[in-house]
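Novice: Handing you this structure, nothing more for now.
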Amino acid sequence: MAKHLALVGLPGSGKSTIGRQVARQGGWVFVDADHAIEERLGCSIKDYFAQHGEAAFREIEAQVLRTLLQAPQPTVIATGGGAVLKPENRVALREGCTVFYLHAAPEDIARRLRGDTVRPLLQGVDALQRLQALQKVRGPLYREVAHYVLDTQRNNPTQVARKICMQVDLAGLSGLGSI
Ligand SMILES: Nc1ncnc2c1ncn2[C@@H]1O[C@H](COP(=O)(O)OP(=O)(O)OP(=O)(O)O)[C@@H](O)[C@H]1O
Ligand SMILES: O=C(O)C1=C[C@@H](O)[C@@H](O)[C@H](O)C1
Ligand SMILES: [Mg+2]
């Protein structure tokens, strides 16, 4: 039975915001994979992207994910938006976690992220077009890895977090305890 809970979805789908709330509600440890990666890098993801490129970043991301999945305590993991790109990450996530895909249309996310300056893949481009392109490639991968798909468009982060907790409770997911 899965031990951890992972949230996957496009940049801005709410993984960090909702993951933190789920962990608080359930009394679990919360880890934002992007923060764990930045600790490991010693610099921001944005700077690392600029200096070393995406391929180098993906290698570090895979290593950090592996480390997080080995944690002895049940953890809510907000994954990076592109963590599902590597097939081995998808296998590791699916096996080591109960995975929730936070779905939202690119149009909605573009509205949420208006004025964003930290997401490297959305800088200096038309954010909506980029999100649509990401959705085309990643949508099937998020669905492939997910045990559950949640629509985040008609629900605010607190409501989505509550739905996740209810699902965890209903399914009696061992390792995560009950809420
Ligand atoms: N269901 C929602 N409804 C409205 N706004 C939301 C919802 N979920 C998240 N947001 C808002 O969208 C923004 C992005 O959320 P967040 O940073 O949690 O996304 P993320 O998936 O962690 O992104 P990234 O992959 O880039 O780390 C935040 O301002 C957050 O408050
Ligand atoms: O969508 C992506 O590819 C990314 C999303 C962020 O969470 C970070 O992991 C990084 O900026 C890459
Ligand atoms: Mg995040």
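Positions of Cβ are set from backbone N, Cα and C atoms, glycine also.
Those TrEMBL annotations? Automatic predictions, nothing curated.
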Novice: Given that TrEMBL lists G12, S13, G14, K15, S16, T17 as binding ATP, which residue among R66, R90, R94, R119 does it place in the same site?
Specialist: R119
Novice: May I ask you to find which of D34, D116, D126, D151 TrEMBL records for the substrate site already listed with R58, G81, R138?
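Specialist: Looking at D34, D116, D126, D151, the one TrEMBL places in the substrate site next to R58, G81, R138 is D34.
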Novice: Compute the centroid of the Cβ atoms of G12, S13, G14, K15, S16, T17, R119, then list the same-chain residues not in that set whose Cβ lies within 8 Å of it, in sequence order, for the ATP site.
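Specialist: For the ATP site the neighbour list reads G9, L10, P11, I18, A78, G81, L102.
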Novice: Rounded to the nearest angstrom, how far is the Cα of G81 (substrate binding site) from the Cα of K15 (ATP binding site)?
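Specialist: Just about 9 Å between their Cα atoms.
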Novice: Pick from K15, R58, R119, R138: which of these binding-site residues has the biggest number of other Cβ atoms within 10 Å of its Cβ?
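Specialist: Comparing the binding-site residues K15, R58, R119, R138, the most crowded Cβ belongs to K15.
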Novice: Please list, in sequence order, every residue of the chain apart from D34, R58, G81, R138 whose Cβ lies within 8 Å of the Cβ centroid of the substrate site.
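Specialist: Sorted by sequence, the hits are P11, E61, T79, G80, G82, A83, V84, L85.
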Novice: Can you tell me the CA-to-CA distance separating G12 (ATP binding site) and D34 (substrate binding site), as a whole number of Å?
Specialist: 13
